[in-house]
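Notes follow once the structure below has been shown.
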Amino acid sequence: MSPIPGSGLAKGLAVTLRTMTKKTVTAQYPDVQPELPPRSRGVIGLFEENCTVCMLCARECPDWCIYIDSHKETVPAAVPGGRERSRNVLDRFAIDFSLCMYCGICIEVCPFDALFWSPEFEYAETDIRDLTHERDKLREWMWTVPAPPALDPGAEEPKEMGAARKTAEKLAAAEADASTQPDAATPQPGAATQPDASTPQPGAATQPDASTQPGAGGVPPAGGERPADDSGPATGQGGPA
């Protein structure tokens, strides 16, 4: 039996009529930005301060799209008599995203957390050479890296956080002890106060000043008095010679 002419068109229009009243599931990009999953792999950001130029990411990359250049510098000894050390200094860190297949191996093998995923994906270029992002560009992508997800409530606390918390608790306890201890210069209530040696005490015998003694320091003795340095008998004025 031959099909009725125009039946195919009728079936197509029927499908159109059924879907015409349904909600649209497509987004009009770029007018509407897509809702990306939290772990989307868009572009790789570089946290340069954590990079030690260990070259693990470049060696493990299956596409060989990571380029690293560095040189060594001599660090002087930290203490007198110590030994000088040498360290690697990063000169160039570049990733060719025209070759990258976004496997994430470089991020997984980095032992110092220097590479991170960013969900940004709008970096298309008209020239393929511009897809090689140098370290300055990779550093800018770090501003778009989302915060790490929160730990599960039943998860074990990371060792780094536990060590930092214990150190903070010790410092807080030391500061609390220092603030509660009395000051040595502040007299305590009920403590005996030592008298000042230069202040004469009531009822104490006062020693005469040697400079005010008769015959001492150029002061002539009064009549009938014996000089301080004379051991003989005193003679008064008008006495026998």
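Using the three backbone atoms N, Cα and C, a Cβ is placed for every residue, glycine included.
As given in TrEMBL:
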- Cys51, Cys54, Cys57, Cys110: [4Fe-4S] cluster 1 binding site (BINDING)
- Cys61, Cys100, Cys103, Cys106: [4Fe-4S] cluster 2 binding site (BINDING)
- 156-169: compositional bias 'Basic and acidic residues' (COMPBIAS)
- 170-197: compositional bias 'Low complexity' (COMPBIAS)
- 42-71: domain '4Fe-4S ferredoxin-type' (DOMAIN)
- 91-120: domain '4Fe-4S ferredoxin-type' (DOMAIN)
- 146-241: region 'Disordered' (REGION)
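This view paints the features noted in TrEMBL onto the structure.
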{"residue": "Cys51", "record": "[4Fe-4S] cluster 1 binding site", "Cβ contacts under 8 Å, 6 or more apart": "Leu90, Phe93, Phe112, Ala114"}
{"residue": "Cys54", "record": "[4Fe-4S] cluster 1 binding site", "Cβ contacts under 8 Å, 6 or more apart": "Pro111, Phe112"}
{"residue": "Cys57", "record": "[4Fe-4S] cluster 1 binding site", "Cβ contacts under 8 Å, 6 or more apart": "Ile66, Ile68, Ile105, Cys106, Ile107, Val109, Cys110, Leu115"}
{"residue": "Cys61", "record": "[4Fe-4S] cluster 2 binding site", "Cβ contacts under 8 Å, 6 or more apart": "Ile105, Cys106"}
{"residue": "Cys100", "record": "[4Fe-4S] cluster 2 binding site", "Cβ contacts under 8 Å, 6 or more apart": "Ile44, Asp63, Cys65"}
{"residue": "Cys103", "record": "[4Fe-4S] cluster 2 binding site", "Cβ contacts under 8 Å, 6 or more apart": "Pro62"}
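Each of the binding-site residues Cys106, Cys110 was scored by how many other Cβ atoms lie within 10 Å of its Cβ, and the smallest score goes to Cys110.
Shown in sequence order, Ile44, Cys57, Glu60, Pro62, Asp63, Cys65, Ile66, Ile95, Met101, Tyr102, Gly104, Ile105 are the same-chain residues outside Cys61, Cys100, Cys103, Cys106 whose Cβ sits within 8 Å of the Cβ centre of the [4Fe-4S] cluster 2 site. Using the Cβ center of Cys51, Cys54, Cys57, Cys110 for [4Fe-4S] cluster 1, the list of other same-chain residues with Cβ within 8 Å runs, in sequence order, Thr52, Val53, Met55, Leu56, Cys106, Val109, Pro111, Phe112, Ala114, Leu115. Looking only at the domain '4Fe-4S ferredoxin-type' (91-120), the predicted model's pLDDT averages out at 96.
Secondary structure at Cys57 ([4Fe-4S] cluster 1 binding site), taken from DSSP and collapsed to helix, strand or coil, is helix.
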